[in-house]
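J.: Below you will find the structure I want to go over with you.
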């Protein structure tokens, strides 16, 4: 027993001498409260950090008045940043890219309008006015604006739940336009109030699963056109869709199937070529329009309707008619329009900003998220009054726009002018376009939304995120689009709540021959310091987690005391507060409760590196220096251990 005690005493002396030597060679640094700020100053600082993390007004500092006016105009209208220096050389690049994306936007616009259960002409209307608004207000040079598959799917499916697009087409269109108006108001409000962090609740895992599930549902919905089925379910779930397909086998048209498969193979082949050789981007860009031209000519030549192949039919000629009088702000379906607008607004905003930032990173320029929200929002508000439904930045068109060499947002103007020419002069040509081609175009477009490599990467990095992704995916394909998204968001929020209510606490040990302290379960060489229990709290302390922290810390103490057998008792509980960014009044009570319970055990609480807000609140709540004593406040764990080692009390073992 004596020999064992000697070994323990020797080990303790070695640690103490090492830390003591460090303490002698360096002065202890005092923990001081932050400079005084009034409550109003603290409130203003907090608001600035929440709403203005990028400090947009810094560019105006020190500038003369005329320069401030110019900068202000450029901030509101990003068009003024590049328009004054715009040249013919830039226009040639934008002209080529604009014509290229127009060749894709025209067939996709018609197809996505059908996906939203709207008249085909609404897709072309939505490819004409919104891009012109975005050119003035948007900050991305690569974003190609127009209808997108996800927003079209969600808008169509949500309104269809209450209103039939075939039985009540006028009401359906009115609700689609009203939903677009509310989507725009919501998006613009997020930008004006700088509340863009709300869309961050749609994590990458949620978006991957949601888009993949939506792609599957969208593709399955196109079986109606590919198989020539007349009576088809309006539900957006896997089982009803497959049931509708196989219960209507007698409606299948082999002529439609043959035409659909042939053009689908053509579109997928063109997409594969462009993926393998990006310089051949024009192959996938022009394939949809080429398919429309060939299929329309073929349908006209063989009198397709006589062979059971349905066609679009006659489309109205002319530019967008005003639609402000069609917006519904009262009635039984107002709540539906608001709900649809909010969901489609968030989804389209998330997609548009993500696409814009992706290409801004490639070209090394900055896209202002709040300005993008305002631009997309005002774009949809204006669109809702000009017969357009929800639009945003499309990834497929933006990628082609970028690869085609777009230099500025002027490519959107070129695309709009091309669509305008189509609306004025070319509409009769689409009369014989087969509906099956629109289905093939949609399937070829949404396949790109299924990103298997990214899903595998999420599996490798974070299993919980992978579960969230699967929840979104299976929720969308088996339940509904909006419920699948809601379940995934709820699961992500649950994870955040768990992280808040169950913050991570770890035990620190000393790396031998250093003053460094690290997690003993992470660094095998880290050793415990006798007489000290060193814990790191790695989260803010608030009412939601004080009960857990109290119980967890007390358990650490009991476990530590149970491991001490003979000559050194636990005397100091050292709490590393470096990761505790904030604390509330309930959190302060945690330290009072810990002090009361640990004092009875002869254990003192030591705080290391409490941050400004934490130490300020602790000082204010401890008028009598009851539990925040200067000798128990340190800037580093090393200084705390070195300073307190000399005050260690030894427990003399009692032997029978």
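Note: Cβ is positioned from N, Cα and C throughout, glycine not excepted.
Any TrEMBL annotation is an automated prediction that lacks curation.
Small disclaimer: the values here were computed from a predicted structure and weren't measured.
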J.: Checking feature assignment: transmembrane segment per TrEMBL, candidates 56-78, 79-101, 102-124, 171-193. Which range matches?
T.: 171-193
J.: From the ranges 235-251, 252-268, 303-319, pick the one that TrEMBL records as transmembrane segment.
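T.: Going through 235-251, 252-268, 303-319 one by one, TrEMBL gives transmembrane segment for 252-268.
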J.: Choose the correct range: of 20-47, 132-159, which one does TrEMBL annotate as transmembrane segment? Give that range.
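T.: So the range that TrEMBL calls transmembrane segment is 132-159.
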J.: Compute the average pLDDT of the predicted model within the domain 'STAS' (522-644).
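T.: That stretch averages a pLDDT of 87.
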J.: Just to be sure I understand, if DSSP states are collapsed into helix, strand and coil, how many residues of the domain 'STAS' (522-644) fall in each?
T.: 53 helix, 22 strand, 48 coil
